[in-house]
Structures are given as structure tokens and as C-alpha cells.
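J.: The following block contains the structure, expressed as C-alpha cells.
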Amino acid sequence: MIRSLSYCFLTIYFFLSILPLPNTIACPTRLLCRSDQRDALLEVQKELHVPTTTWNKNVDCCSWDGVTCDAILGELVLSRCKLQGEIPSSIGNLSHLTYLDLSNNQLVGEVPASIGNLNQLESMRLWDNDLKGNIPTSFANLTKLSELYLFGNQFTGGDTVLANLTSLSIIDLSLNYFKSSISADLSGLHNLERFSVYNNSFSGPFPLSLLMIPSLVHIDLSQNHFEGPIDFRNTFSLSRLRVLYVGFNNLDGLIPESISKLVNLEYLDVSHNNFGGQVPRSISKVVNLTSVDLSYNKLEGQVPDFVWRSSKLDYVDLSYNSFNCFAKSVEVIDGASLTMLNLGSNSVDGPFPKWICKVKDLYALDLSNNHFNGSIPQCLKYSTYFHTLNLRNNSLSGVLPNLFIKDSQLRSLDVSSNNLVGKLPKSLINCERIEFLNVKGNKIMDTFPFWLGSLPYLKVLMLGSNAFYGPVYNPSAYLGFPSIRIIDISNNNFVGSLPQDYFANWLEMSLVWSGSDIPQFKYMGNVNFSTYDSIDLVYKGVETDFDRIFEGFNAIDFSGNRFSGHIPGSIGLLSELRLLNLSGNAFTGNIPPSLANITNLESLDLSRNNLSGEIPISLGKLSFLSNTNFSYNHLEGLIPQSTQFATQNCSSFLGNLGLYGFREICGESHHVPVPTTSQQPEEPLSESEDQLLNWIAAAIAFGPGMFCGLVIGHIFTS
């Protein structure tokens with residue numbers, strides 16, 4: 001019976017010989033620990049700091065915590081035990097081991113050559129450590145090895161030794177630093193089922209010998225530097241292959257017609273290569289395909305018809321190619337199971353493809369960055385499972401129709417950069433789960449949609465560059481937007497003033513991420529379908545496309561409208577705001593000192609308003625503030641002399657005649673305005689200074705008077 005340790009998963013089975021007893025003794029025998037196995041265990045414990053206190057050489061090791069004596073098995077499992085240091089050479093003394101698992105530890109250095117003594121070993125798992133160097137040549141002795149997991153280390157070579165281990169069924173060398181080409185003939189690995197080397201630096205031609213192994217089920221060569229064409233003509237034996245991943249390489253040429261020989265293929269990824277020409281019609285014969293990724297290549301011509309003629313196909317990504325049209329007649333088969341279609345960033349033109357309405361289970365559709373024209377069809381309302389709809393940057397016209405039925409599943413809608421007119425459809429209120437709404441860059445004429453404020457999950461609202469008009473504050477309307485993180489209403493015709501508490505309810509922008517909640521490398525969108533939300537904003541003075549939006553990014557852009565009155569002091573509550581652009585309005589009054597509370601602010605643009613007073617010195621303490629623009633206001637006083645302000649562009653302060661302190665920012669050669677008397681602070685004079693000034697004034701007056709008197713007297717006497 002295995003006794004589990006409280007601080008790590010530790011199981012050890014050893015092949016231990018049992019002392020022979022006379023045949024006349026009928027009572028059961030007790031398994032005894034062999035001394036050489038016990039000593040080898042103690043050596044491993046000493047060098048790897050195995051976390052157990054019950055291993056005592058004076059006690060039979062069969063009773064140690066985590067040790068079970070078995071007459072046929074020999075297993076050592078020390079996974080996730082926080083082991084440190086190098087694998088000791090003494091591990092080679094455990095000669096009867098059949099299973100070795102040292103994964104998920106902090107092991108360093110090279111694998112000792114003595115590991116080749118474990119000639120009974122069938123499974124080796126060393127993944128997720130910091131092991132480096134070459135795979136030892138002594139691995140050639142591991143003729144019974146069936147499973148080899150070395151992924152997540154720093155190995156650089158020695159992989160050729162594996163070509164002779166004919167018992168191998170699994171080889172996983174992923175996430176290492178292997179650099180060579182796979183030149184060894186692997187066709188002799190007739191038991192191999194899984195071969196994975198993704199995220200290394202392997203180079204050279206595609207290893208065709210892999211395709212001669214009839215037992216292969218899974219091949220992953222992605223994220224390497226393989227180059228040249230790929231051909232399946234001699235792969236008559238690959239009838240079992242289900243997974244082929246070769247994305248993120250330098251493969252080129254045509255996708256071969258011989259791909260039809262992979263009759264059981266289910267997952268195909270050739271993305272991020274240099275394949276050109278048309279997709280072969282023969283791919284439609286691979287009837288078991290469920291996921292196809294051909295994105296980021298140079299494919300052209302007609303969109304392949306297997307997209308809508310397969311009953312098993314679930315995921316298709318054809319984005320970032322040069323496809324330009326659909327077939328003249330598209331007939332969607334009954335039972336089409338497509339849930340995700342990405343045709344973004346191609347050159348497809350013509351009207352919106354209405355056949356898409358017949359794909360009832362469609363979950364995510366991306367037709368962005370093409371040349372589609374005409375109106376958005378009403379029939380899309382019957383696609384009840386829509387989660388993501390991206391029609392960005394086309395030439396679509398007409399109104400945005402009322403597509404959104406009650407209990408809609410829609411999470412993301414992007415129709416930006418088209419020619420849509422009319423008003424926002426009120427049916428959007430049915431999209432209670434929507435997080436992302438982008439209608440920027442159209443010709444929509446409507447008032448501010450206060451009614452969207454009740455949507456509980458709306459994070460991004462992009463209304464910029466349309467013809468919206470009127471106030472954005474209504475005391476009788478609930479402003480809401482409890483989850484808003486990014487709002488862009490720039491370049492419209494909004495007017496009026498904002499109350500001081502206008503931003504008080506935008507709680508998500510004041511949320512401070514802490515500990516494990518920090519969304520590192522997490523982006524807005526659907527990760528499962530690789531459909532990420534994207535926006536364009538003026539960021540640090542430059543029009544910037546955000547292909548992916550970091551979850552922690554918060555922005556407000558109210559620029560290019562006709563807002564008046566004071567900037568609300570409640571803006572200072574939004575401590576996690578990264579971008580604030582209020583330029584091109586008619587705001588008056590002082591810059592609110594509460595801006596200094598926005599500790600993560602990176603970009604601040606208050607230019608082209610009617611602001612007055614001084615730039616708050618406290619803004620100089622914002623350590624992330626890398627871009628500011630205060631130009632063309634009525635500001636005065638000393639520019640804050642902090643490091644953050646000293647690195648700003650000189651043009652950020654132009655058009656403010658009352659500002660001074662430019663020398664540190666603009667250099668000696670720049671004209672430095674001299675503060676006028678009104679700009680200098682007045683100090684009360686002491687009594688002695690006051691008397692002195694009186695005497696100076698009297699003397700100044702007395703001199704000219706005396707001179708004039710002498711001249712006049714001389715005239716009269718003469």
C-alpha cells in the first residue's frame with residue numbers, strides 16, 4: 001500500500017529480489033529490501049533533497065514512506081517535489097527501474113551518462129526542469145524505452161541517438177533549444193505514435209522519413225525553422241495520422257494534392273508559412289477534418305468549398321491570405337457543423353455572403369479587412385449561437401439591422417470602418433452578455449446611447465468618428481456602464497458639460513489588480529477560437545492599431561467634440577486609467593489636481609481647450625506618464641520640473657503664453673518666454689525697504705526738478 005506524503009506526490013516501486021526459502025515452508029514470506037537498492041535510494045535522497053524523514057537505513061526500506069516492494073515493477077515517481085540540483089549519477093544504480101518520473105522540479109545541469117544503465121526503463125519523464133546540454137549517447141542502451149518526455153528544458157542536441165530506439169511510441173522534445181536539422185532516418189521507429197518537437201530551433205527540410213512510419217498518430221513540428229516544400233506522395237502508410245501541426249515555420253511551395261492520402265486526419269495546421277497557390281480540391285477528400293488552420297500564408301484564388309461541404313468540420317481559419325472570391329454557387333450541406341470561420345484580412349469582394357445564414361451553429365465569424373459591400377442581411381438574426389461577429393473595415397452600407405434577439409449569446413460585435421448609416425439598433429439591449437461593441441468610423445447619426453449603460457458586462461464601447469450628437473449626460477437617465485474599461489466617443493458632435501461626479505460609477509477603471517488576479521498576457525476576445533478584439537486609438541499622440549487588447553488596458557477618448565465647463569474632478573478616481581484624451585473641446589477652468597491620483601496614466605492629452613491656471617506640480621510624480629500634450633490653452637506658470645516632464649516634446653506646451661520654464665525641455669536654443677510681472681509672486685516689503693524705496697523715488701523726482709529750475713533761472717537772468 002502506497003503512503004502519500006503531504007508535501008509532494010511520491011511513489012516508489014522497486015523490483016526487489018525475494019530470498020528463496022525451502023519448499024517445505026508453507027507460511028507466507030515477507031519482502032525484504034535489497035541493500036544495494038536501499039543504498040541507491042539513500043544516495044538519491046541525499047543529492048536531490050527528497051522531502052521525507054522516514055527513510056532510515058536501519059529500517060527495511062519496504063516500510064519507508066512512499067516505497068512499496070513489488071516483484072515485477074520498478075517505479076520511481078518524484079514529480080512536483082521541489083527537487084533541486086543535478087540528477088545524481090547514482091541513479092544509474094537503480095538498474096531494475098521501469099518507470100522514472102522527475103518532472104516539474106528544479107533540476108539543473110546535464111543528464112548523467114549513467115542513466116543509460118537503466119536498461120529495463122520503459123518510461124522516462126523529465127519535463128519542466130532546467131536540464132541542459134545534449135541527450136546522452138548512453139540512451140542507446142535504453143532499448144525498452146517506450147515513452148520519452150523531455151519537454152520544457154534547455155536541451156540543445158543529441159537527438160540523433162533516438163533514431164535507434166525502436167520501442168519508442170512517444171517522443172516529446174518540445175520547448176527546448178534543439179538547433180540541428182532532423183537528418184537521421186526515423187523510419188525505423190515502427191512503434192512511434194506521437195512525435196512532438198514544437199518550439200525549438202530545428203531547421204532544414206521537412207523530415208520526410210517521419211511520413212514513412214505507419215503507426216504515427218500525432219506530428220507536431222510547429223514553431224521551428226523547417227523550410228522547403230512538403231509532399232505526401234510516398235505516405236501510403238500514414239492511414240492512422242490524426243494530427244499534423246507544422247505552423248510557424250518557413251515551409252513553401254504548394255499544399256500538395258497528395259494531402260488526400262491522410263484519410264483519417266482530423267487536425268491540420270500549416271499556418272504562418274509561405275505556402276502559395278490555391279488550396280487543392282483534394283483536401284475535400286479528407287472527410288474527417290474537424291479543424292483547419294491555413295492562416296498567414298500566400299494562398300490565393302477561390303475560397304475552398306470544403307468549408308461549407310463538410311459535416312465534421314468545426315474550425316476554419318483562412319485569414320491573412322489573398323483569397324478573392326467564393327464559388328458562383330455555394331450550397332451548404334445539411335448537417336454542416338462549422339462553428340468558427342475566419343476569413344479576415346483577405347481580398348474577397350462582392351456582397352455579404354448570405355449562405356452564411358444557413359450555417360446554423362456558427363459561433364464566431366470574422367470577415368474583417370476585405371472588400372465586402374452591400375447591406376448586412378437580416379437573416380443573420382437566425383444565427384442564434386453567434387458569440388463573435390467581426391465585419392470591420394469593409395464597404396458595407398445601409399443600416400445596422402435589428403439582428404439581436406432576446407437572450408442573444410453575442411459577446412463581441414465589430415462593424416467599424418464601414419459606411420453604415422441610421423441609428424444604433426435598440427435590439428442591442430438584448431445582448432446582455434456583450435463585452436465589446438465597436439461601430440467607430442461609420443456615418444451613424446444618433447444621440448448618446450444611455451440605454452447601453454445597463455449592459456452589465458460591456459467593457460469596450462467605440463462610437464468615435466460618426467455623427468452622434470447631443471449631451472452625454474442626462475440627469476434623468478442612468479449612466480451606468482459598470483464594467484466599462486475603454487470608451488471612445490471622439491470626433492462626433494457631442495456637447496454640454498459634465499457634472500463633477502460623472503466618472504464616479506466607472507468602477508472597473510479604478511480596480512487595482514493584485515496577486516494572482518493580475519491578467520498577465522491575457523487579452524480581450526475568445527482565446528479558444530483565436531478571435532481577439534481589436535481597436536484603434538490615438539495613443540501617445542499617434543493613431544495606433546491594437547490588434548489585441550490587454551485586459552488591464554483602460555482608456556477614455558472624448559476628443560474632437562464640443563464639451564464645455566470644467567473637467568470633472570471624479571476623473572481622479574480612475575486610478576487604473578492608462579490613456580486620457582480630452583483634446584479638441586471647449587473645457588474651461590483649471591486642470592484638476594485629482595489627475596495625480598491616476599497612478600498608471602501613460603498618455604494625457606488636454607490640448608486645444610480653454611483651460612487656465614497652472615499645470616499641477618503633482619502630475620510630475622506620475623512615473624508612467626510618458627506622453628503629455630497641454631498645447632493651445634491659456635495655461636500659465638512654471639512647467640513642472642520633473643523627470644517625466646523633462647522628457648516631453650517641446651510642442652506639448654505651445655500656445656500657452658503664460659507658461660515658462662522651457663529651457664530644461666526645449667534646450668538653450670529655443671526661445672524662452674520671460675515671466676511678466678503679473679507672473680511673479682508678490683511679497684510684502686519690510687518697513688526699511690519701503691522707506692528706502694520712498695527715498696529713491698524722491699531722489700529720482702528731485703534730480704530732474706532741480707535741473708529744470710537751474711535752466712529756467714539762467715534764462716530769466718540772461
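Every residue gets a Cβ built from N, Cα and C, even glycine.
The N-linked glycosylation site feature in Swiss-Prot is assigned to Asn93, Asn141, Asn164, Asn199, Asn373, Asn393, Asn528, Asn581, Asn597, Asn610, Asn629, Asn649 (among others). Look at Swiss-Prot and you will find 95-118 tagged as repeat 'LRR 2'. Summarising the annotation, Swiss-Prot assigns repeat 'LRR 5' to 166-188 and lists sequence analysis as the type of evidence. What Swiss-Prot records for 455-480 is repeat 'LRR 17'.
Tell me what's around each of these sites.
T.: Look at Asn93 (N-linked glycosylation site): DSSP puts it in a helix.
For the repeat 'LRR 2' (95-118), the list of distant contacts is 13-16, 37, 48, 73-89, 124-142, 144, 149: same-chain residues at least six beyond its ends, Cβ to Cβ under 8 Å.
In sequence order, Gly116, Asn117, Asn119 constitute the residues six or more apart from Asn141 (N-linked glycosylation site) in its chain with CB-CB distances below 8 Å.
The Cβ of Asn164 (N-linked glycosylation site) lies under 8 Å from the Cβ of Ala140, Gly188, each of which sits 6+ residues away along the same chain.
Across the repeat 'LRR 5' (166-188), DSSP assigns 0 helix, 4 strand, 19 coil.
According to DSSP, Asn199 (N-linked glycosylation site) is assigned to coil rather than to any helix or strand. Other Cβ atoms within 10 Å of the Cβ of Asn199 (N-linked glycosylation site) number 19 in total over all chains.
Shown in sequence order, Asp349, Gly350, Pro351, Asn394, Ser395, Leu396, Ser397 are the residues of the chain, 6+ apart in sequence, with a C-beta less than 8 angstroms from the C-beta of Asn373 (N-linked glycosylation site).
Non-local neighbourhood of Asn393 (N-linked glycosylation site): Ser368, Asn369, Asn370, Ser416, Ser417, Asn418, each in the same chain, at least six residues away, with C-beta under 8 Å from its C-beta.
Each residue of the repeat 'LRR 17' (455-480) gets a DSSP state, and the totals for helix, strand and coil are 0 helix, 6 strand, 20 coil.
Counting every protein chain shown, the number of other Cβ atoms lying within 10 Å of the Cβ of Asn581 (N-linked glycosylation site) is 23.
DSSP assigns Asn597 (N-linked glycosylation site) to a helix. All protein chains considered, the CB of Asn597 (N-linked glycosylation site) has 18 other CB atoms within 10 Å.
Of all the Cβ atoms in the protein chains shown, 13 others lie within 10 Å of the Cβ of Asn610 (N-linked glycosylation site). DSSP assigns Asn610 (N-linked glycosylation site) to a strand in the three-state reduction.
Cβ neighbours of Asn629 (N-linked glycosylation site) (same chain, under 8 Å, six or more residues apart in sequence): Gly541, Ser583, Leu604, Asp605, Leu606, Ser607, Ser651, Ser652. For the recorded site, Asn629 (N-linked glycosylation site), the DSSP three-state label reads strand.
A simple way to gauge crowding: the CB of Asn649 (N-linked glycosylation site) has 14 other CB atoms within 10 angstroms, across all the protein chains here. Annotation note: Asn649 (N-linked glycosylation site) sits in a coil segment as assigned by DSSP.
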J.: How many other Cβ atoms are found within 10 Å of the Cβ atom of Asn93 (N-linked glycosylation site), counting all protein chains shown?
T.: 18
J.: How many Å separate the Cα atoms of Asn610 (N-linked glycosylation site) and Asn581 (N-linked glycosylation site)?
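T.: Approximately 15 Å lies between the Cα of Asn610 (N-linked glycosylation site) and that of Asn581 (N-linked glycosylation site).
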